Amino acid sequence: MLYREAGDFKTSYVADNQTFPIKFDRYGYYFILGFAFLVMPFIINDYWANSIVVPFLIYTIAALGLNILIGYCGQLSLGTGAFMACGAYGSYKLMTAFPELNIIFVIIIAGFITAAVGVLFGLPSLRIKGFYLAVATLAAQFFLIWLFTRTAWFYNYSPTGMISAPTRDVFGVAVTGPRASAVSMYMICLCFLVVTAWLARNLTRGSLGRQWMAIRDMDIAAEIIGVNPLMAKLTAFAVSSFFVGISGALLFTVYLGAAEAGEAFGIDKSFLVLFMVIIGGLGSIFGAFAGAFFLIVGPVLLKLLLVNGLGWPTDLAAHLEIMIIGALILVFLIVEPHGIAALWRTIKEKLRLWPFPY
Amino acid sequence: MPDTLLFAMEATLNGLTAGVMYALVALGFVLIFKASGIFNFAQGVMALFAALTLVGFQSGQIPFSHLINAMFGTRLHHFGWNMPTLLAIPATVLVMILLAVLVERFILKHLVNQEPIILFMATIGLAYFLEGVGDIMWGAEVKALDVGLPKGMSGAVDDVTFAWFGYGFYIDRLEIWAAGIAALLVAALTVFSQYTKQGRALRAVADDHQAALSVGISLRFIWVLTWSIAGIVALVAGIMWGSKSGVQFSLSLIALKALPVLILGGFTSIPGAIIGGLIIGVGEKLFDFFMSPIIGGATENWFAYMLALVFLLFRPQGLFGERIIERV
């Protein structure tokens, strides 16, 4: 009743090819966009921005990127943390070398730099696949982090080895550095997220996305029907790393402000983003949002409940949090291996009949 | 003899002993991968968990005391007695077997016939879960583990090498013991899998799940068995690494170090795990020895992965792995 594909007739190809062809989806999308751009900026405060909203937006971009690689192209990667570091250090070097360059371009160029690095480390994917590839991407993780912590040029020879983001403006409003307000941080992350999500959605339903999916489903068969595996795999690595790089650049410039490669972009970041993709649902744009939301909000809620609610010590709460996240992943894999996105699909099936079942 | 050559020889020897330690972790991976096709990411955390449990039993800690204290406001810490090591090790083995049963009952049973990547993720989830459980059960502080293995510089090696070259090599006695124990472990595993009924069943399952099922081998029992053996191997690795550098969180990261070992040796070969471990150990030490003056230290962090990466380009199935045959 509420959610229906039937009866929604299109009279032009443009209407048929739009990003959200189903009315319910489209209005939901407009509603969320409206809420995010017109309501959130007025109600957001520092606490919400710092603990939930901004990390959610940033990690969603990373999850979108990794989802393209794992969910759409089937190439398992454990190097996300290092690629985020690439974006962060790339943006830092650009910000300090070209102070007058607008921060938006800085972040986009950092994304392109990361894409190049991603393609480089994606090259082995032409020979190897599956777990072997995962180990190969681990090489990227450890090597890049080592490079960033050992080569003083990357952190401009600062004595602490940390990189810190100078203040940069967009239209006269500070978005990075200590003067940035919650609203400006929120808005720049939101803009990047909307553009990247729109890009991801349209890339994955276009011919490139179909090539990726063909490679994912069976690479030899895909090759036989004329998909070029070299192009498909490397574009997946490039696009994915581009997104992850943007996310890393935003994480460093907007959210953290100061970072050290080994600490901020370690292997745990790779796993965090991987979990987001899995829990959200492999091969689904909505899944990236749902997974990021789940893994950002979940720990905050748990901490609120255990530390503030029950008065337990923080270290115990931290251990419980790890345990519960592990258990949740297991439960999710057993109950719904296809993630929250599959749950949402089931809900839509139900909504189709509700409230008048057969 | 020039000094550099002597130092390089010492580094090689140290690399060999370090390689044995990597091989110990890689062994557990290979066992589970052979028997169930699962790439068990939790192996390192299992080693950590086993070592934590052993220390906990030895020092008579009350499990979950931290949690109980927080919930009920009590002040429990220790039972007030120390368990002798000879009793604590079998008790820990029992815990690892119990863990294997629980893993089979609550996780593997429900994930039969899922794709390998889903099972891999499940073991990552298990790794996180076990890490949390271990910390809550026994506390997260660094603990010293002492099961009576000798430690410190080996005097015999020092004397012999001094007599030969006029320069005494530094080799840790613990690592010599580790090499001996690893050899024993491999011998025991080989005897078990070649000459016992259960061992044959295990190899049958590894060869072909369905054929094994059809001749009446219980798949579920075999899984419990493999995970128990992997748990015991994890305990051995945990004891060795724990005695060397203390029982702490970083112990679980040795699982990551075992991955390139697996790549080199092949996922399905026990001798491969050993030889892969030795190659990685020696390569790492020698590379660090020769290159660290040029490109800076701490190359151990990534050298193994890079070696594996380059190796993969030429031989994707590893040194001893089965040939990968692809069909559409």
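Cβ atoms here come from the backbone N, Cα and C positions, even for glycine.
Keep in mind that TrEMBL annotations are predicted by a computer and have not been checked by a curator.
Features of the protein shown, as given by TrEMBL:
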type	residues	note
TRANSMEM	B:12-33	transmembrane segment
TRANSMEM	B:45-64	transmembrane segment
TRANSMEM	B:84-107	transmembrane segment
TRANSMEM	B:119-140	transmembrane segment
TRANSMEM	B:176-196	transmembrane segment
TRANSMEM	B:217-241	transmembrane segment
TRANSMEM	B:261-282	transmembrane segment
TRANSMEM	B:294-314	transmembrane segment
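A contact between the transmembrane segment (B:84-107) and the transmembrane segment (B:217-241) is present, since 3 or more of their C-beta pairs, 6 or more residues apart, lie under 8 Å. Long-range neighbours of the transmembrane segment (B:261-282) within the same chain, counting only residues 6 or more positions beyond its ends whose Cβ lies under 8 Å from a Cβ of the stretch, are 12, 15-27, 29-31, 33-34, 39, 182, 186, 189-190, 206, 304, 307-308, 311-312, 317-322.
Pairs of Cβ atoms less than 8 Å apart link the transmembrane segment (B:45-64) most often to B:119-140, out of B:12-33, B:119-140, B:176-196, B:217-241.
Beyond the transmembrane segment (B:12-33), the same-chain residues lying 6 or more positions past its ends with a Cβ under 8 Å from any Cβ of the stretch are 39-40, 43-44, 46-47, 169-172, 175-176, 178-179, 182, 185-186, 189, 226-227, 229-230, 233-234, 236-237, 240-241, 244, 254-255, 257-258, 261-262, 265, 267-270, 272-274, 276-286.
Within its own chain, the transmembrane segment (B:217-241) has Cβ neighbours under 8 Å at 21, 24-25, 27-28, 31-32, 35-36, 40, 43, 46-51, 54, 89, 92-93, 96-97, 99-101, 103-104, 108-109, 145, 147, 149, 174, 178, 181-182, 185, 189, 198, 201-202, 204-205, 209, 247, 251, 254, counting only residues six or more beyond its boundaries.
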